[in-house]
Structures are given as C-alpha cells and as structure tokens.
Amino acid sequence: MAAPEKMTFPEKPSHKKYRAALKKEKRKKRRQELARLRDSGLSQKEEEEDTFIEEQQLEEEKLLERERQRLHEEWLLREQKAQEEFRIKKEKEEAAKKRQEEQERKLKEQWEEQQRKEREEEEQKRQEKKEKEEALQKMLDQAENELENGTTWQNPEPPVDFRVMEKDRANCPFYSKTGACRFGDRCSRKHNFPTSSPTLLIKSMFTTFGMEQCRRDDYDPDASLEYSEEETYQQFLDFYEDVLPEFKNVGKVIQFKVSCNLEPHLRGNVYVQYQSEEECQAALSLFNGRWYAGRQLQCEFCPVTRWKMAIC
C-alpha cells in the first residue's frame, strides 16, 4: 500500500505584503469609483447637452414653422390681391367690350338708317325725275298735237313751285342779327341790305397774326393753341386806342364792338354805332376804301341796332 502524500498549505503572507495588497485593492476600488462617478457625470452632461440640442432644434422648428406660416399668409394675400386685380381687369375688359359692341351696334344701326334714307332719297329722286320726264313728254306731245291741228302754241306756264318771288322769301335770321351770313350770296334766305343805318360795319378790320393763322388753318382746330388769349387781348387794346378816336372824329359813338368769333364771316368784324344815321353816312364816305394795317377797308351799313340779340 502506497504511503499517503504529505499535504502542503500556502504560506501565510507577511504583514507587509498584506498591507501592500490591501492598499492596492483600495486604490483599485477608488479608481473604479472615480471611473464610475466620471462616467456618471459624463452621461449627465451628455444628457443635458442632448436636451439642450433637442430644445434648440424644437425652437428652430417652431421658428421655421412660423416663418412658413408667415410666407404662406403673404402668399395668400398676394394671391387674393392678384385675383381681385384680375377680376377688376376682367370686369373692365367686359365693360369695354360691351361698350364697343354697343357703339358698333349703334353705328351699324345709323349706317343702316343712313343707307335706307339714301335709298329712299334715290328712289324719290328717280320717281320725281320720271314724273318730270313724263310731264315734259306729255307737254311735248300736246304741243305737237296743237301744231298739227294748227292752233297757236306758246311756252307753258312754269310750275307753281318755281313762282317764288324775292319778296316771298323769308328773311335770313343770321344777317338780321349780325349783319353777316356764312352763306353770303348763296344763302336761300333774303338779306335786307339797308340803304341807311346808324350802325357801320367794317368786315375783318381787326386782325392779328393768330387770327390770320386761324384763317389759314380753318380745318385745323389746334392751330390757334399756339396763340394765347392774353396776346390777342393786348393787341385788341392797342387796336381800340388806335381806331376809336378816328371814328369819334366823325360823330358821337354809341357802341363800338369787335367780333372775336372764329367763324370766317364774323372774324374781326368791327361794328360802330353812331347817334344818328347822318353821322354813320359820313363815316361810310370817309372810311370806305381807306387803308388800315395794309388792308383796304370795306364799309357797309349794318341792320344791327339791338346788341342783345347779336351778342351770343
């Protein structure tokens, strides 16, 4: 039988080693505790930083959302304004279109009415011409029959419509009021030229450069815009002071009028009303044919004695 082995026990460490091992263990625990505390502090700091970052991100998102909302509201306002402007523009265009259509309709109606009247006038003229030709042919046939029968023939009596004497014509109201008529000798009304009157008329005696230009540009109404009324009035004052003493040398002047009407038959006409017809006759004899401002004066008696009707 084998002999039993001898049991060995570890040696008991010395007190110095034991103390060293204990200190080492304490330092290890201290380092672990410090590491744990350090890790715990870092985690809290990181958590705080994460929270701060999240709050910043949330705030930025809120700002961005408010900015987006503001931009959206501005866009809505612009869109609403644009829609309103478009609506107003559309309404104006529709109104203008309606006005144009209405004008075109009226013009078309006027043109059709004018065409209808012209056709009626043409038809009436043709009918009148036909009736005249038939009447003339009838008279010729009648004359030939009378000649063939041996009866005396003479010119037929004129139609009743053509038996219009000068005394039957109505007086011209324009000549009666102003002593001048735009139609002159071509007027269909009667002009009663007075043989004597207290009023003397000198046609186109007062003239200025602007009035002469208007005379040349009767078909251009804008030509007189280059000449001011102040200049014309000053020239009238000079004319008034120049000629009135000459007229007063003949007799007592009751009225002295100068026409400022731009119509050719009234433009620059001078009316001088004396106290008596004898003074007016003397003025006519004195001034008719004389020269003033490079033009020969043409004087005549004027039927105007009431200026309220003559002045418009």
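Heads up, the Cβ atoms here are built off N, Cα and C, so glycines get one too.
Here is what TrEMBL says about this protein:
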{"type": "REGION", "residues": "1-59", "note": "region 'Disordered'"}
{"type": "COMPBIAS", "residues": "14-31", "note": "compositional bias 'Basic residues'"}
{"type": "COMPBIAS", "residues": "46-58", "note": "compositional bias 'Acidic residues'"}
{"type": "REGION", "residues": "92-135", "note": "region 'Disordered'"}
{"type": "DOMAIN", "residues": "166-194", "note": "domain 'C3H1-type'"}
{"type": "ZN_FING", "residues": "166-194", "note": "zinc finger"}
{"type": "DOMAIN", "residues": "198-304", "note": "domain 'RRM'"}
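Residues of the compositional bias 'Basic residues' (14-31) grouped by DSSP class, helix first, strand second and coil last, total 17 helix, 0 strand, 1 coil. Helix, strand and coil counts under DSSP for the region 'Disordered' (92-135) come to 44 helix, 0 strand, 0 coil. Averaged over the zinc finger (166-194), the predicted model reaches a pLDDT of 83. Assigned with DSSP, the residues of the compositional bias 'Acidic residues' (46-58) fall into helix, strand and coil as follows: 13 helix, 0 strand, 0 coil. Taken through DSSP, the domain 'RRM' (198-304) splits into 43 helix, 23 strand, 41 coil. In terms of DSSP secondary structure, the zinc finger (166-194) contains 12 helix, 2 strand, 15 coil.
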